[in-house]
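Trainee: TrEMBL lists 5-153 with the feature domain 'Ketopantoate reductase N-terminal'. The domain 'Ketopantoate reductase C-terminal' annotation in TrEMBL covers 216-305.
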Amino acid sequence: MPRYVIIGAGAVGASLAAQFALSGIDYALFGRGAQISHIRQHGLTFQRPAETRQIDLKVFDLTDLPELTPDDILLLTVKAQDAVSALAFWSWQSVSNTTTPAAANLPIVTFQNGLATEPNALRTFARVYGASILTPARFTETGKVVVGGEPQLGIVTVGRFPLGQDDVTAQVAADLNRAGYLAEASDDIRRWKAAKLLHNVRNVLELFDGPADLNDRVTAALVDEARHVLEAAGYTLASPSERTVDISNWRVAPNSGIHPGQQSTWQSFRRGASSEVDFLNGEIVLLGRLHNVPTPYNEAVQTLAGKLAHQGGFSKPLPLDAITSLIAAPDRTAHANPAASS
């Protein structure tokens, strides 16, 4: 049986570790800073709809690494903006009874939003697997994670990147199902990642406040731009009807501690952590520039969120009309990509 090396102790990583611990699945949770220190000393406060538990976890700081083994499977659960540095760190770790490092020996499963992590991982890791996870999880308080999905924690689709399934996808899906998730394997994980990105481009609007009708218009514009860009880049989006697991009874439990408007982007800003917007809306902006598709709304929200992150504070929401004002600014129009409008 494999050991799961979980890299990142945020909402996804810590909840995976908790469920593995409760299900008797071998794991080790790796992280840094206050979160890992708190969990090591006090355990994880793990809030689920039915109960809140204090769970002792097998945790390790990055300065105190146990030896990796040939049976390990790496689960990369840091945010997309932290994935490059994590990959650089873990790629070259030694593995017991081998002469080559982790990147040559161990499979890595990437749980990040967006489309950038899998190609980056493939630069060093020989076996890369993408995972698209839908889970109503919150990490805004050190040492505590809230997951509001019931009866399962969330829905996970996993597949080898760029294409295919194998014994690793089967093993990971089986263990995730055993650990309380609805998990399935896919031959084309890129389609599921792209479909989730179409949803994720809306996350940034949780940093803004304004009239509902304007919010609806901006939301529609962000999604419309993303859809056109992904199509231009050659992506076909996965549909929920393609799922091989029955999700009809899965829901976000009422009174679970999970509230609308508090997804991963908002959580990062609330904690004063780095922003993933450059890998969500920024991914759409990048693909738009590569394929000459204009993306003014995604570019505007990326700019405003970037400025907010650079200032290092999130005391109150930004005005929603700042988005449309930025798009209409004369200097913005002057710097538009001429090829995109030809």
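From the backbone N, Cα and C atoms, a Cβ is placed for every residue, glycine too.
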Trainee: Looking only at the domain 'Ketopantoate reductase N-terminal' (5-153), what are its DSSP counts of helix, strand and coil residues?
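Mentor: DSSP classes over the domain 'Ketopantoate reductase N-terminal' (5-153) add up to 45 helix, 47 strand, 57 coil.
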Trainee: Can you break down the domain 'Ketopantoate reductase C-terminal' (216-305) into helix, strand and coil residue counts using DSSP?
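Mentor: For the domain 'Ketopantoate reductase C-terminal' (216-305), the helix, strand and coil counts are 52 helix, 2 strand, 36 coil.
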Trainee: Average the per-residue pLDDT over the domain 'Ketopantoate reductase N-terminal' (5-153) and send me the rounded value.
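Mentor: A mean pLDDT of 97 is what the model gives the domain 'Ketopantoate reductase N-terminal' (5-153).
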